Amino acid sequence: MSSLTTAGPAKAKGQGVRRSDLLPYLGSKLVAALVSFMVTLVIGFVIFSLMPADPVRTLTRGRPTSEAQLVQVRLQLGLDDPIWQRFLTFVGNTLKGELGYSWQFQQSVSSLVLDRLGPTLLLMGTAAALSIALGLWLGIRSGWRHGSLFDRIASSSSLMLWSVPTFWLGMILLIAFSVGIGPIPSLLPAGGMSDPSLPQEGWAHIVDVAKHLVLPCLTMVLVVFAQYVTVMRSSIIDEMGSPYLLTARAKGLTDDAVRRRHAVPNALLPSVTMIFMHLGILVSGAITVESVYSWPGLGYLTYEALRIPDLPLLQGTFIVFSASVIIMNLLADVVYRFLDPRVRAQ
Amino acid sequence: MSALDTPAGLDVPRHHAFSRFCRAFAKRPAGLAGLGLLVAFGVLALAAPLFIGDDQLNVIKVDGPQLSPPVDGYPLGTDQAGRSVLLLVIWGARESLSIGLIATALTVVLGSTVGLLAGHYQGWIGKILMHVTDWFIALPSLPLAISLSAVLGQGAASITIAIAVTSWTATARLVRAQTLSVEARPFIERAKVLGAGNTQIMIRHVLPNVMPLILVSSTLTVASAILSEATLTFLGLGDPTSVTWGSMLQAAFLGGAVTAGAWWYLMPPGIAILIVVLGFTLVGRAVEHVLNPRMVGR
């Protein structure tokens, strides 16, 4: 962060200077993101193309194949080409959006990924919004009065929830609210995204999807919000000793106004960056939660790919997840640039 | 005379520092509670072979009721094969804890090596190493771990490697920062003047100073390694024949324990993971507070 504030020479303040600084900044971030993506492709290539012992054997497993057919498949997959040529083909195909062909679904990986993208975005988006709101609110409250009863309850419950495996919490919620224990009746559907017996459009469909969304979303929020509480709480505590808060108090502002108008905006900056930087946690959450609730998204697709294991499909989901995290980090850098007045002023 | 003096002169302050550390740690009830939980689980895991044999674990030999809620003789109920859930959880502690600890050891060795090298060679080697670290930080860890262990094949070894490959970055950054601050101290310059080579400076002078920090951060690494182990095993990447907390939950999930409402089968392994992870986190935080006075109030 401090490296950002000293990034450009402190010239005169003004729109023109800011704009001319913005483009090189965005450019360098964009280049860094592209390099990250290339590195992801290299890692993906090493894992999925170089490490497996014999892809042809896996592909033709259980089927009677002659030696000539094996040679034919090797030729088709380009396995006898030199490594650099295979890598270039792989990069070219990925950039064209061709992620390979799923062994299990007998369908192109890109079309599978596109089909599953919507549900994952719905689940992750809702869960992220709710957990950020809840986490920041709790973090501000408990940081402002750290050591109080509220703080101790909020901090210890977020510590407990952080220590719980996501998939386990999902199963427990599933038993409690969907299967029902003892007097608790079954309240919510157990899995999937919609009830196939209901019409797949209109108001009834939306209500149905919302009902299916409640439990997976709740599971993700419960596990993820704890991180945000910790981050927000410690950045509020960092701001607590600052002289400008003393000034605000000396002006006669109420405690609430000091917190809301002075402490929170400053403490929010590092937290927002941290939240964007740790979006990988949401991706991990999506994989386990979708597996438990059979939510038809990218995470469940990964789980289905794992059971075979269907390597082209796994490779596709790996690239898509990594690319989305890289894009979110890039967005975080841009948003940060606009949020932080110290950077903006330069 | 002087030969007698030197070891005593070295030992006494170190001994004092250690006992001062222990006294400060003893003042943190949360840390003590965490340590107590961990010791209890460790003893149970080590003593397990004394009272659990093949008769209770082999699905063919057991004779309990199938998927039964807690009854006489089975205080935590039974699984689909009729094994006691209590005994399974105790047995599972062995593998879960050892995978967690081995993965942490690997993580720490990998991370410290990269961090130490990046901090010592500040030229292009250090730059490249830090870039590699940043790239790995940007990658989402679970998809990477899943991909790695899927390609390496099912089993404890591949899970351990996958955890280490996805979690060494935090240690590397920490060790690099600490190495930089140690290398700025005058005694390093003295060692260089006396003719110490790169290896000697890193191993004999920097490493001992970085070690306490590495140990603290590794307590927190164990916590996340145990969680990752459970997650990867649950997703089906573990050794299908062994009993770990993750594999119990996987068996319960695939065997329909959720639909059957078998809460007694699901609760114990999850709570065991919760307790152990919480234990390591509490101990790690307490040690962090003791070593870093600026953390007061956090």
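A Cβ is built for glycine as well, from the same backbone N, Cα and C atoms used for every other residue.
Remember, it's a predicted structure, so these values are computed and weren't measured experimentally.
TrEMBL has this to say about the protein:
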type	residues	note
DOMAIN	B:93-284	domain 'ABC transmembrane type-1'
TRANSMEM	B:30-52	transmembrane segment
TRANSMEM	B:97-121	transmembrane segment
TRANSMEM	B:142-165	transmembrane segment
TRANSMEM	B:210-235	transmembrane segment
TRANSMEM	B:271-291	transmembrane segment
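The listed stretches are B:30-52, B:142-165, B:210-235; of these, B:210-235 has the most Cβ pairs under 8 Å to the transmembrane segment (B:97-121).
Long-range Cβ contacts of the transmembrane segment (B:142-165) within its own chain (Cβ-Cβ under 8 Å, at least 6 residues beyond either end) map to 95, 99, 102-103, 106-107, 110, 225, 228-229, 231-233, 235-240, 242. Counting residues 6+ beyond its ends, the transmembrane segment (B:30-52) has Cβ neighbours under 8 Å at 87, 90-91, 93-94, 97, 272, 275-276, 278-283, 285-287, 289 in the same chain.
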